[in-house]
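These features come from TrEMBL:
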DOMAIN    84-140  domain 'CBS'
DOMAIN    149-214  domain 'CBS'
DOMAIN    220-280  domain 'CBS'
DOMAIN    301-341  domain 'PAS'
DOMAIN    368-420  domain 'PAC'
DOMAIN    452-586  domain 'GGDEF'
DOMAIN    595-850  domain 'EAL'
C-alpha cells in the first residue's frame with residue numbers, strides 16, 4: 001500500500017472558513033421532521049442546523065434519517081428537537097483542514113459547524129466539502145482503491161421495501177447498500193447493469209416522497225457505478241467529483257463487488273499523510289529536528305491522536321514509546337511494555353524465515369510494510385497492517401525503529417462477509433441465485449466432460465403473495481425458511497438447494513440421476529410442502545408449489561437455456577392447476593412463447609384502448625323491470641380478435657396488472673352509469689367485479705372507490721361491488737374490516753358465484769353482504785328434477801332468513817324462471833332475458849322494460 005504524499009507549502013493557506021459554505025440551512029426546534037426533510041431535499045443539502053435565539057442547538061443529517069422507525073408517518077410530524085443530534089460540534093473558521101478531519105474522527109461525526117472569533121455561526125463543513133477541495137490542501141498520492149475500503153457494505157434483495165432497507169442500513173451502521181435484482185440470471189458483468197445503490201440521500205428523498213413501501217430496486221441508482229480495486233485513489237476521487245456522487249462500488253478482477261468506496265474512506269486515507277510527515281520527521285537528522293520545533297510539536301500531537309498504533313524502539317529492540325492507540329489495539333499499557341522486547345506481541349503464526357526476511361528488508365531498504373498476525377494482552381490473535389521504519393542518526397547509524405500499525409480484523413471480516421453475502425441468501429442461509437448460476441455452469445462443464453446427465457428442478461411457491469398479504473412479511477419470511485428446510489431434508493448429499501427468487505427455489509442434481517429419480521424426488525418434495533405449517537400466531541396454513549424439471553444435455557446445452565426451459569416447465573405446472581411437477585418439452589415451449597406474446601400484448605392493450613365493457617342486464621323477478629347491470633370486460637385484439645376473459649384475466653393476475661385493469665373497469669363503469677342517468681335511466685345498479693389482488697393489494701380499495709365516485713359524480717348507492725368466495729381464504733377479520741369501509745361509503749356488496757367455494761353460514765352472518773349471487777350451476781340443476789330444485793330453493797330460503805337479496809345467474813329457460821320467481825328470488829340474470837350488450841342497447845332495453853321509477 002502506497003501512502004499519500006505530503007503536500008507542498010501552500011497547504012497552509014486553506015482554512016475551514018475558506019472551504020465551508022457560508023449559507024447554512026436552518027430551522028427551528030418545533031419544525032416537523034418531515035418539513036425539515038423537504039427543506040433538505042429542495043436545497044440538495046446533507047444537513048440542517050436547528051437554531052434557537054440565533055444559536056445552534058442541534059443538527060439533523062441524512063444519516064439521522066436511518067434512525068426513524070419503519071412505520072414513520074407519525075414520526076415525520078414530530079418536532080425535530082425530539083430526534084436531532086445534540087450538542088453541535090464546532091470548529092474555528094481559522095482551523096486547518098487537517099484539524100477538521102481530526103475533530104470529525106474524535107467526535108464520530110461527518111459535519112462540523114464553523115464559528116468565528118466571537119463564537120458566532122459562520123458556516124458548516126462536511127466530509128464532502130473537504131474532499132471537493134482536497135486537491136488544494138492535501139494530495140492523495142498513488143494509493144489503490146482496494147486498500148482504502150474500511151466500512152461495512154450490505155447487499156440486499158431489490159424486492160424489499162424502502163422502510164425495511166432503512167432499518168437494515170441503520171442496524172449495519174452503513175451509509176449505503178448495494179441493491180440487486182434477484183430475477184437477473186446472466187454473467188457477473190450483466191448483473192452489474194441490473195444492480196444499483198441506495199445512499200442516505202436516496203433515503204432522505206424517499207422519506208420526502210412518502211413512498212416507503214416502494215421496492216428498493218425501483219429507487220436505486222442504476223446501473224451501479226464501479227471502479228477497479230486496483231485503480232488509484234486520485235482516479236476514484238476525480239470520478240466521484242465528475243459524476244457528482246459520493247460512493248463507488250469496488251470490483252475485483254473477476255467483476256465481483258467487494259465493497260464500496262466513499263468520501264469517508266478517502267478522508268481516512270488522507271490522514272495517512274500525517275504519518276508520512278511523521279516518518280520524515282523520524283528519518284530527519286537531530287539538527288533538523290531541533291530547528292523544526294513546530295514539526296516536532298505536530299509529530300507529538302499526531303502520535304497522541306493517531307487512530308493507528310505507534311511504537312518506537314531503541315536500536316537494540318527495547319520498546320521506548322507507545323501511543324494511546326497502541327494500548328487500545330493490544331491491551332498493553334505503556335508501563336506493561338516500555339523496556340521490553342516487541343516479541344511479547346508475537347502470535348507464533350509467522351515462521352522464523354518470515355522475520356529473517358522482514359529484518360533483512362529493514363536493514364537494506366530502511367523500511368518494511370505488510371500484513372502480520374500479533375497477539376493482544378488477552379491472548380487473542382488478530383491481523384494488523386504493519387509499517388516499520390529505521391531511523392538513522394547523523395552518522396547514518398540506526399538509532400531507533402518506528403512501527404505504525406492498524407488493526408485490520410474488521411476489514412478482513414467485512415471482506416469475508418461481503419464475499420459470503422454475495423453468494424448466500426441472507427434469509428435462508430442457502431446459496432443465492434448468483435451462486436447457483438456459478439454452480440450450474442460448473443456442473444454443466446463437469447457433465448459435458450464426463451458425459452453424464454445433470455438436472456435442475458425449479459420450484460415456485462403457489463400464491464405466496466397471498467400469504468404475505470394475509471399473515472404479514474414476518475410470518476411470510478418464516479414460511480420461506482420452513483420451505484427451504486423441508487426441501488433440504490429431502491435431498492441427499494448430491495443435491496444443491498438455492499433460493500433464486502423471492503418465492504422461488506432451485507435444486508441442482510448431478511451425478512447422473514435418471515428421469516424416474518427426478519420425478520420421484522419432485523413428488524416427494526410436493527408431499528413435504530403439503531404438510532401443514534403453523535404460523536407464529538398459531539394459525540395453520542397449507543403450502544403448495546409448482547415444479548419445472550429440465551436436464552442437460554437432453555433439454556438444453558448451456559446454463560441460460562437450461563434455466564429457461566425449467567422455468568417454462570414450471571409455468572406449465574401452474575397452468576395445469578399448480579401443486580404438481582412438469583418436465584420440459586417442446587410443446588410447453590411453444591405455449592410459453594404464446595404466453596409471452598400475450599403478456600406483451602396485454603401490457604399495450606390499455607394504452608391502445610383495446611378494452612371495452614359490455615353489460616348484462618338484471619331484472620326484478622316479480623315485475624320484470626330492469627334492476628341493474630353487471631359490467632363485463634372484453635378485449636378486442638387488433639390481430640387476434642376477441643380474446644375471452646378466461647384467457648387474459650389469469651395472465652393479468654400473474655403479471656400483477658389486474659389492479660390497474662380493475663381500476664380501468666371501475667372508472668369506465670361509473671362513467672357509463674352517470675351517462676345513462678343524464679339520458680333518463682335512473683336507479684339502475686352498476687355491478688363491478690373485484691379481484692383478490694385489488695381487495696388485498698397495496699392500494700386502498702375503499703379510497704379508490706370513493707375517489708372515482710367523486711370524480712365521476714356517481715351516487716354511491718348505485719354501485720355494487722362483486723367479490724368471490726376465494727377471498728374467504730384470507731384473514732376473515734381483515735376482510736370484514738375492508739368490506740365495512742366500502743359499505744360505509746354507501747356502496748353495496750354482492751357475493752358472486754355463491755356455493756362454489758368456501759362459503760359457510762358463519763361467514764354470511766359475520767360479513768356485511770347485501771346480495772348473494774346464486775351460481776349458475778344451481779340454476780342448471782333445476783332442470784334435473786326435485787333434488788336439483790331443492791338446492792336452489794335452499795339457497796333462496798337462506799338468503800331470505802339472513803335478510804339478503806338474491807340474484808340467480810345463468811337463467812336460460814322459462815321453467816327455471818318460474819321456479820325461481822315462485823320461490824321468492826329477487827333478481828334474474830341470464831340469456832333468457834338478456835345477453836351481455838353494449839351501452840346503447842341497455843338504454844333501448846330500458847325504454848322497453850323501464851327501470852324502477854326515480
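Note that Cβ sites are derived from N, Cα and C of the backbone, with glycine treated the same way.
With helix defined as DSSP H, G or I and strand as E or B, the domain 'GGDEF' (452-586) counts 58 helix, 37 strand, 40 coil. The DSSP breakdown of the domain 'CBS' (220-280), given as helix, strand and coil counts, is 29 helix, 16 strand, 16 coil. Residue counts for the domain 'CBS' (149-214) under DSSP, split into helix (H, G, I), strand (E, B) and coil, are 27 helix, 15 strand, 24 coil. Only sequence-distant pairs (6 or more apart) were considered; of these, fewer than three Cβ pairs between the domain 'CBS' (84-140) and the domain 'GGDEF' (452-586) are under 8 A, so the stretches are not in contact.
Counting Cβ pairs under 8 Å that are 6 or more residues apart, the domain 'GGDEF' (452-586) and the domain 'CBS' (220-280) reach fewer than 3 and are not in contact. The residues of the domain 'CBS' (84-140), classed with DSSP into helix (H, G, I), strand (E, B) and coil, number 21 helix, 15 strand, 21 coil.
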